[in-house]
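Look at Swiss-Prot and you will find Gln103, Tyr283, Leu284, Ala285, Asp286, Gln287 tagged as ATP binding site. Look at Swiss-Prot and you will find His308 tagged as active site, tele-AMP-histidine intermediate.
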Amino acid sequence: MKRMIALDGAQGEGGGQILRSALSLSMITGQPFTITGIRAGRAKPGLLRQHLTAVKAATEICGATVEGAELGSQRLVFRPGTVRGGDYRFAIGSAGSCTLVLQTVLPALWFADGPSRVEVSGGTDNPSAPPADFIRRVLEPLLAKIGIHQQTTLLRHGFYPAGGGVVATEVSPVASFNTLQLGERGNIVQMRGEVLLAGVPRHVAEREIATLAGSFSLHEQNIHNLPRDQGPGNTVSLEVESENITERFFVVGEKRVSAEVVAAQLVQEVKRYLASPAAVGEYLADQLVLPMALVGAGEFTVAHPSCHLLTNIAVVERFLQVRFCLIETDGVTRVSIK
């Protein structure tokens, strides 16, 4: 019988990533875990609908036995079974992030007994989670280099707070892994600005694009008008394609915040990325830790290791026999596996 791993949900950044990573790793390794103080670092601690959906999804996919799977719970015991491929559908029932639920269960399905399709309904454009286009255009091409083949499709947008979006991912079991080396970003090839609108006047998008174009030389400027019933909502994105990597940054518009202010937030984030020679942005760094650990080798550079990144590494090291090495050099942090 495998040992029970005890986790403190208040460690590090104290958010939902500790739980999501633990669920992924438990399904992959077969190691049970207990976690207390779930989301202790948040204003509203305990399991929200998004986190509960992730727990239920993990439970269904591997036939786990669970204690504490209810809204508001700050303690969970998870004993995994065998991961099985298949066609799965999960509904969050709020504008909680579809991609964060997918992020929880897809790594386990890389090791399933056959191909799978997972569809999640909920929020797709959430200020605190990566949108589907980030997964599709940034993360999945890097996963393919590692040997992980999955394809995400955004079927319907769902903006916060209404939700109603749908995202689906098809995934195949991994045949073999390759090592990912992302030490250098390389020269910038092109930059693309994009605005999504649903039930919001077009002049908002035009002002946001103008703000981006005032700071960067954009090779493409795209405005996409979505059906009104998918809103109201507005997302501004800027994609930076470099020789070795494509990064994508986004900001979700808010009521009573001007188009210029929304776009200026994105400009500042992209400028921070470009000010460092690091290959990987802060949010992508979080996404690369688990697949790199499963490979057991590889490296990437990031400008600064976030608390989120350090917390994720700490959880991964509890489940897998790997140790990460972080070395600051020439204004970047090089993250590798010893």
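Cβ coordinates are placed from backbone N, Cα and C, and glycine is handled just like the others.
All features noted in Swiss-Prot, drawn onto the structure.
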residue: Gln103; record: ATP binding site; Cβ contacts under 8 Å, 6 or more apart: Arg20, Ser24, Gln287
residue: Tyr283; record: ATP binding site; Cβ contacts under 8 Å, 6 or more apart: Pro130, Phe134
residue: Leu284; record: ATP binding site; Cβ contacts under 8 Å, 6 or more apart: Val138, Leu139, Glu247
residue: Ala285; record: ATP binding site; Cβ contacts under 8 Å, 6 or more apart: Phe300, Val302, Pro305, Ser306, Leu309, Val335
residue: Asp286; record: ATP binding site; Cβ contacts under 8 Å, 6 or more apart: Gln17, Ser306, His308, Leu309, Asn312
Near-site residues: ATP, ref Gln103, Tyr283, Leu284, Ala285, Asp286, Gln287, CB cutoff 8 A to centroid: Pro130, Leu139, Glu282, Leu288, Val289
Among the ATP-binding set Gln103, Tyr283, Leu284, Ala285, Asp286, Gln287, as the record gives it, the longest Cα-Cα distance in Å: 14
Would you count the other C-beta atoms found within 10 angstroms of the C-beta of the residue listed as 'active site, tele-AMP-histidine intermediate' for me? 18
